[in-house]
Every structure is written in C-alpha cells, then in structure tokens.
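Here is the structure we will look at, set down as structure tokens.
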Amino acid sequence: MAHISQISSFLSIVLIFLALCITLFTNPTLSLPALKLNPFQDFCVADLQATPTNSGYPCKSQVTSEDFFYSGLNTPLNTSNPKGIAANPANLLTFPGLNTLGISMYNVAIAPGGYNQPHSHPGVTEAGVVIEGSVLVGFLTTNYTLYSKVIGPGDMFVIPPGLIHYEGNVGKTQCRLLTVVADDLPSEVDVPHTLLATKPAIPNEVLMSAFKADSKTINMLRSKFTA
C-alpha cells in the first residue's frame, strides 16, 4: 500500500507540473513576439557550434529526435557550498532544442538553512513545484509589499514577471523543487551582487544614501561579496 501511495503522490506532482507548463504557455502576455518563434518554421534547434549574433544562434541544419529530449535534470546536485543551493539548468545552452520556444527548466536543491538570495528575471514569469521538503517562497511588488508562504511537496508557486523573489529551505532536510522560467535563456539580476560587487564599484556615497548607512558599514558589506 505504501508503494501505491508513493506512485499516486508522484503522479499528482507530475500533473501539477503539467498544469504549470500549460499556465505559462496560455498566459496572454506570451504572444508570438515574446516567444520569438518564426511562424514560418516549426522549431529552430540552436547550433551552439556557430557564432551567435544579436538575434541569437542560427538553426541547426541537421536535426534528430535527440534534439528534443534532455536528461540533464536528473544529474546529482551538491549543496555543499556557501549558499547551500545547487541547480541543474535545462536552458538554451544545455538543451538547444529550447531555442525560440520561450521556456527553460531547473532542478533545484537547497540545503537546510540555505537560500536562493533575492533576484529577478527581467520581463519573464517564473513558476515552480516543490518535490520534497519545506520551501519558503517570497516576492516583492513595486509598491513594497511582500507576498510569501512556506510550501511543501506538490505545492506550486508563481512569480509575476520581473519581480524580486527568493526561495529558502526552512526544513530540517534538503528540499528540492522544479522551476520553469518563461524564457529559453533567462537573465538574472542578483540584487546583493548587483549593488555590492560591480566593477567599477558603485560610489560609497550612493549606497550610503540608499541604505542610510555610514561608509564603514558599506565597506563591510562590500567585503562580503568581493573577498
């Protein structure tokens, strides 16, 4: 009976994740221009051996079935790092079949107490489903409102386009989640590094004004990201 229960739980998670993908692709904001797909072609598997241009990679001339399947998301993840987080990406650079399709996926593991620090993906939606563990998910709106919740296996979340968000493991065991971002190679703006690890550095006076802090505090914070 326990085995049947595990299968049922897994199928439930798969169905939720399919619903997640359908949600992204039926979003009215994801029009053809946003997906970058040429209506005169069914697909454009990226030729990563070619030199990319401002419009991206050219299409491969010889395409096989293997170009539309990817098994890299099941690679073991090691969270033994200062952030306590690791991820396997399925994006344009690892899975060229996603080129122009406006979607990428990530298998994410977070150690107990680990956090994916505040960041954003400009202009695109992110959504995910928890596979195991307890995950704190939160995002900030442009009027400084925080929406957050602790979610568990089978629970889904969505981050509206471009908003700053984070995920963290608030349980006692490693957590894992699958996420989808509505871009085949999404950009990521890491808030702490963007402010404190730029080259050349943002002038101390700017950060002192922004954080209402003295120069010593700013230098201390900057040292955490440039050491």
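Think of each number as a place in line: the chain as shown, counted from 1.
Backbone N, Cα and C define each Cβ position, glycine as well.
The oxalate binding site annotation in TrEMBL covers ASN116, HIS121, GLU126. Taking the Cβ of ASN116 (oxalate binding site) as centre and 10 Å as the limit, one finds 21 other Cβ atoms among all the protein chains shown.
The feature Mn(2+) binding site is assigned by TrEMBL to HIS119, HIS121, GLU126, HIS165. Here the Cβ of HIS119 (Mn(2+) binding site) has 17 other Cβ atoms within 10 Å, regardless of which shown protein chain they belong to.
Cβ environment of CYS59 (disulfide bond): GLN41, CYS44, VAL45, ALA46, ASP47, ASN99 lie under 8 Å away, each six or more residues apart in the same chain. According to TrEMBL, the disulfide bond annotation covers CYS44-CYS59.
Look at TrEMBL and you will find 71-219 tagged as domain 'Cupin type-1'.
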Across the domain 'Cupin type-1' (71-219), average pLDDT on the 0 to 100 scale: 96
Additional residues surrounding Mn(2+), by Cβ distance to the HIS119, HIS121, GLU126, HIS165 centre under 8 Å: SER120, PHE139, ILE159, LEU163, ILE164, VAL181, GLU188
Between HIS165 (Mn(2+) binding site) and GLU126 (oxalate binding site): CA-CA distance (Å): 10
Distance, HIS165 (Mn(2+) binding site) to ASN116 (oxalate binding site) (CA atoms, angstrom): 9
Alpha-carbon spacing, HIS165 (Mn(2+) binding site) to HIS121 (oxalate binding site), which is rounded to whole Å: 9
Helix, strand and coil counts within the domain 'Cupin type-1' (71-219) (DSSP): 25 helix, 56 strand, 68 coil
